[in-house]
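*Asks:* Let me give you the structure first, and then I'll get to my questions.
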Amino acid sequence: MSGKEIRDEWNKSQSKYNADEVFVWVQCTFSEVIPYLFLSVELAVCRLTIKFAANYFLIYPRSCKCNHGWTARNSDAQPRDKFKRDSLYIDKQGKLRNFNHKKVSRKRGGSLRGQGWKYGSGFVDGIFPVLSPDAQQILNFMKKESDVNRVWDALNSLPPTHTTWDDIINVAVQFRLNKRWDPIILMCEWILYRSSFQPDVICYNLLIDAFGQKSSPEKAESTYFNLLEARCIPTEDTYALLLRAYCTSGLLDKAEAVFMEMKNYSLPPSAVVYNAYIDGLIKGRNSQKAVEIFQRMKRNCCQPSTDTYTMLINLYGKANRSYMALKVFNEMKSQKCKPNICSYTALINAFAREGLCEKAEDVFEQLQEAGIEPDVYAYNALMEAYSRAGFPYGAAEIFSLMQHMGCEPDRASFNIMVDAYGRSGLHEDARLVFEEMKRLGIEPTMKSHMVLLSAYSKVGNIIKCEEIVTRMHKSGLDPDTFVLNTMLNVYGRFGHFKKMEQVLSVMENNKPYVPDITTYNILINIYGRAGYFEQMEEIFRLLPSKKLQRDVVTWTSRLGAYSRKKQYSKCLEIFEEMITDGCYPDGGTARVLLSACSTKEQVEQVSLVLRTMHKDMKLDV
């Protein structure tokens, strides 16, 4: 049909439909110069405007009032082609709502919009630099070249103009987004020491950030002093980056000194500074101090931001304290601080780690009701919740729904599905998902092989486990300590002690495979279950000489060996040693100790001890 005939047909159709009918916008691919045209279509389901290409299938909105239920596809099914996402959904109250894709998307796009570089930008807020052709050439050159003299000579050849300055800063910010710190250091040090440019606070901030990320707080501090000597006025971003550099390296005294320095410049700490402080403490594994700074922030009447609350939700979630994560989330909403997609995802993850899939699903629904479109991270968190709860087909249903809604699964999505099937003993389904991932061109990583290895080790398929390790070697992936610990465990559980000891010998005599406390905990548990008390006690005794701290698993595994023999007195003796060593028991320790009891009096004695300890025990984050 020619373009003229299509227009005539369109004009005739105008008299057939009234204003209540719905229009669908179709992008045509005809050879004539008619790029867009409107067709009138009457839909009986609901009123909806959809934009889609002519060669796409018509996808009904997910808010259709029908009895259709989402079903999981087989693990070997091919994924559906990505289509344009609709923007409508019906909330719990039956109201029609829509998403703003550009506003909530975390995909890269957009520009700096003249705002300049600021601490924290480029990760969630969607602000990214747009590179000019010259800047793109500089970026490509810096990706390939790492020699200082060559880089500086190349930069010296650039004209000293404002445009060049903008290009260099934009390239540095682009490297920051990709977490490439060495090129940033090369470029910023060239500006400081070799160029004719006058460095400004942006240059110093980028350099402080890069040194902080590379765990070089001394160089970050030196850069700050250079900033002061150059009579450049530090901003709150400068102090935020310096704070994080100190905290990540555990230099808390210097971090506190930064607050005093800010007072000298009459800069009261803002949410940006406190966020950097908390972020650095979390990265430095000082969770308790991070919570203290959060409380101080509120006492000093500094309103926590969305990022502040999100970090605390993540902190409690990783500590398996989802009830505290929920408390922080509710406090966030009570303070009229609007949660973003990261906040909701962090809370879903908190519930997911404890396998609380119903609560995770409820938060996922709240995310949608807030008008936010779930991204791959949110879907992955919900899948993880079903996986940890032992419902692999629930995870598969979310995986299928994610594809249906036009959200492309990533490598983590496939890893979660492999793990979900593996946890439930469905090793064949786990293998099929693993193979499907490779078929789609997604290269399996160490994590991918690990979850498949765990699936086969769970059912005791030693041959398959050995095949996976061999495959890892062939693909250029050197098995790490975690992989070898898994092999130790599977050999020991099924009585292959000679192979287990061979693996241990490889780990102890090869630097890349350094045994950790988990390695020896596995051996103590295996020898204890087998009744080899001498070998178990020998390993337990040598741990301090290997500079390894005995943890609650170490003590509980040793206790379990004697508990199975009902040696109550010996168990009490080990329990007292455990407390003296500063290791507090957990639920597993209590169960093992109670299982050693043979009489009612012994049970009452142990129960009294445990209750007393529980009252006095200090709970850390």
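Think of each number as a place in line: the chain as shown, counted from 1.
Glycine too: its Cβ is placed from the backbone N, Cα and C atoms.
Per TrEMBL, the features are:
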- 200-234: repeat 'PPR' (REPEAT)
- 235-269: repeat 'PPR' (REPEAT)
- 270-304: repeat 'PPR' (REPEAT)
- 305-339: repeat 'PPR' (REPEAT)
- 340-374: repeat 'PPR' (REPEAT)
- 375-409: repeat 'PPR' (REPEAT)
- 410-444: repeat 'PPR' (REPEAT)
- 445-479: repeat 'PPR' (REPEAT)
- 516-550: repeat 'PPR' (REPEAT)
- 551-585: repeat 'PPR' (REPEAT)
*Asks:* So which residues does the repeat 'PPR' (551-585) touch in its own chain, when a touch means Cβ under 8 Å and the partner is 6 or more beyond its ends?
*Replies:* 517-518, 520-521, 524-525, 527-529, 531, 533, 536-537, 540, 543, 592-593, 595-598, 602, 609-610, 613, 617
*Asks:* Going along the chain, which residues at least six beyond the ends of the repeat 'PPR' (516-550) come within the CB cut-off of under 8 Å?
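*Replies:* Distal contacts: 481, 484-485, 488-489, 492-493, 495, 497, 500, 504, 507, 557-558, 560-561, 564, 581, 583.
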*Asks:* Per DSSP, what is the residue tally for the repeat 'PPR' (445-479) in helix, strand and coil?
*Replies:* 26 helix, 0 strand, 9 coil
*Asks:* With DSSP, how much of the repeat 'PPR' (270-304) is helix, how much strand and how much coil, in residues?
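*Replies:* Summed over the repeat 'PPR' (270-304), the classes give 26 helix, 0 strand, 9 coil.
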*Asks:* Tell me, roughly as an integer, the mean pLDDT over the repeat 'PPR' (516-550).
*Replies:* 92
*Asks:* Go ahead and report the DSSP secondary structure tallies for the repeat 'PPR' (516-550): helix first, then strand, then coil.
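*Replies:* Computed counts for the repeat 'PPR' (516-550) are 27 helix, 0 strand, 8 coil.
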